[in-house]
Amino acid sequence: MILVLVGPPGAGKGTQAKLLCARFGIPQISTGDMLREAKRSGTLEKRYLDIMDSGGLLPDEAVIGLIARRTVEPDCSNGFLLDGFPRTVPQADALDELLASANQGGKRIDAVIQLDVARPLLEERLIHRRTDKRSGQIYHLVYNPPPPGAELEHRADDRPEAVAKRLDAYEAMTAALLPFYEQKKLLHRVDGVGKPEEVTHRVLSAIGRPGSGGE
């Protein structure tokens with residue numbers, strides 16, 4: 001099964017990706033995680049680092065190559081879930097071309113899931129988000145506060161000015177993506193507000209897999 005999970009920053013894609021991947025036994029491929037790891041390891045070019053820190057979206061060339069290399073690894077043989085890619089119609093076209101290639105064995109997307117969350121809630125989720133420098137665990141100062149002694153980091157792209165820019169950029173760049181997948185009858189819009197398990201149940205029902213994984 002090949003799933004694409006889309007939604008604005010703060011919609012809960014990372015949480016849902018982990019839950020869905022556990023259900024279907026497929027790996028999560030997060031462009032955000034891959035890019036942040038490249039940033040931490042010092043392998044990300046400075047021009048891309050500057051874009052990330054300011055809350056901008058990276059050009060296609062910085063992302064498509066990562067996806068192409070990752071999706072031919074052995075753990076992707078039975079499918080995978082893409083989190084954060086594609087964001088534009090050109091990226092979606094490139095993904096279709098990649099999946100149809102000989103290296104991929106003529107695969108195709110099974111479903112595209114859009115997590116819908118109102119912008120004010122997205123802003124509140126992101127601005128109060130913190131990351132533990134040592135473990136990488138993500139906390140929320142209000143809803144999921146960190147334990148005492150956690151060494152917290154406020155990501156540059158989670159600061160208020162960067163959050164507004166990220167959401168604006170997402171809305172502008174993905175405006176044509178959802179109609180693209182809707183026309184292909186692949187798009188499933190799901191309310192992303194609620195407990196993680198509730199949202200997962202909505203997703204499974206939307207894609208025709210209610211009760212999947214023993215629920």
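Any Cβ shown, glycine's included, is placed from N, Cα and C.
Per Swiss-Prot, the AMP site holds THR31, ARG36, GLY56, LEU57, LEU58, GLY84, PHE85, PRO86, ARG87, GLN91, ARG155; the candidate it also names there, chosen from ARG108, ARG134, ARG166, is ARG166. Between the candidates ARG23, ARG129, Swiss-Prot assigns the ATP site shared with GLY10, ALA11, GLY12, LYS13, GLY14, THR15, ILE138, TYR139, GLY194 to ARG129. Ranking the binding-site residues GLY10, GLY12, GLY14, ARG129, TYR139 by the distance of their Cα atoms from the Cα of GLY56 (AMP binding site) places GLY10 first. Each residue of the region 'NMP' (30-58) gets a DSSP state, and the totals for helix, strand and coil are 19 helix, 1 strand, 9 coil. Sequence-distant neighbours of THR31 (AMP binding site): residues of the same chain at least 6 apart with a C-beta under 8 Å from its C-beta are VAL63, LEU66, ILE67, LEU82, ASP83, GLY84, PHE85. Counting only same-chain residues six or more apart in sequence, the Cβ atoms lying under 8 angstroms from the Cβ of ARG87 (AMP binding site) belong to VAL6, LEU57, TYR170, MET173, THR174, LEU177.
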